[in-house]
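Asks: Let me begin by handing over the structure; questions about it come next.
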Amino acid sequence: MKFAIETINLHVYYGRNHVLRGINLQIPQRGIFAIMGPSGCGKSTLLRTFNRLIELNQDARVEGEVRIFGKNIYSEDVDPIEVRKKVGMVFQYPNPFPHLTIYENVAIGVKLNKLVKSQKELDERVRWALKKAALWEEVKDRLNDYPGNLSGGQRQRLVIARVLAMKPDILLMDEPTANIDPVGTAKIEELLLELKTDYTIVLVTHSPAQAARIADYVAFLYLGKLIEVGPTRKVFENPEHELTEKYVTGALG
């Protein structure tokens, strides 16, 4: 079986700080895979290795392999820009470009990478991405407005639309609902459940409850080590490790 993402003996250092320690992980194609663990355990660092965004930190050093659909993305012949086209990223804080309209926010990556040949194709791509992100009906009459008037949840769905417009294979989500109200969170969780049939979604979450609600598989990290990984129900109801049990029951934060 060819996994969407596979790490082999993955180590990450920030200077002398050994942040990830020998991570061996296999993430299946399609579905939602949640990475959970207490603050500072290495969740976001691990996520950033999956599209080489980690390399934007000059102090970071990566050892081992990260394979995307079987190809080691840290090979010398791999362009990180090309990796990021296929492995999209959504961050914790909704970050639409404030100086661009709603339409332009979705269109910008498509235009810069020349993914369409005409204005008509661009219009269709923007509409498709906004529909895919469950935002079209809310913004279709104000595409030329700026995103400042959108709610936090709407801004995050706009960012998701911007990523989807690039037609990636994998979506990386770094605590995408951490700064969004419960109503906005519920809409984004519902959206992810719809998207998982077409995409591999890797979700970093600070909330075991969120992982239990929407993830098909979960991985538990602690102090830079992969403690346990498996189907969500099994990990929550019958964990193999005491640390995992403490975390999912709230005894370890």
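Yeah, the Cβs are placed from backbone N, Cα and C, and that goes for glycine too.
Okay, these came from Swiss-Prot:
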BINDING   GLY37, PRO38, SER39, GLY40, CYS41, GLY42, LYS43, SER44  ATP binding site
DOMAIN    5-248  domain 'ABC transporter'
Asks: Quiz question: given the binding-site residues GLY37, PRO38, GLY40, GLY42, which has the greatest number of C-beta atoms lying within 10 angstroms of its own C-beta?
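Replies: For the binding-site residues GLY37, PRO38, GLY40, GLY42, the Cβ with the most other Cβ atoms within 10 Å is GLY37.
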Asks: Excluding GLY37, PRO38, SER39, GLY40, CYS41, GLY42, LYS43, SER44, please set out which residues of the same chain place their CB within 8 Å of the center of the CB atoms of the ATP site, keeping sequence order.
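Replies: Near the ATP site, beyond GLY37, PRO38, SER39, GLY40, CYS41, GLY42, LYS43, SER44, sit LEU221.
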Asks: What mean pLDDT does the predicted model reach across the domain 'ABC transporter' (5-248)?
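Replies: Mean pLDDT across the domain 'ABC transporter' (5-248) comes out at 96.
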Asks: If you count other CB atoms within 10 A of each CB, which of SER39, SER44 wins among these binding-site residues?
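Replies: Most Cβ neighbours within 10 Å: SER44.
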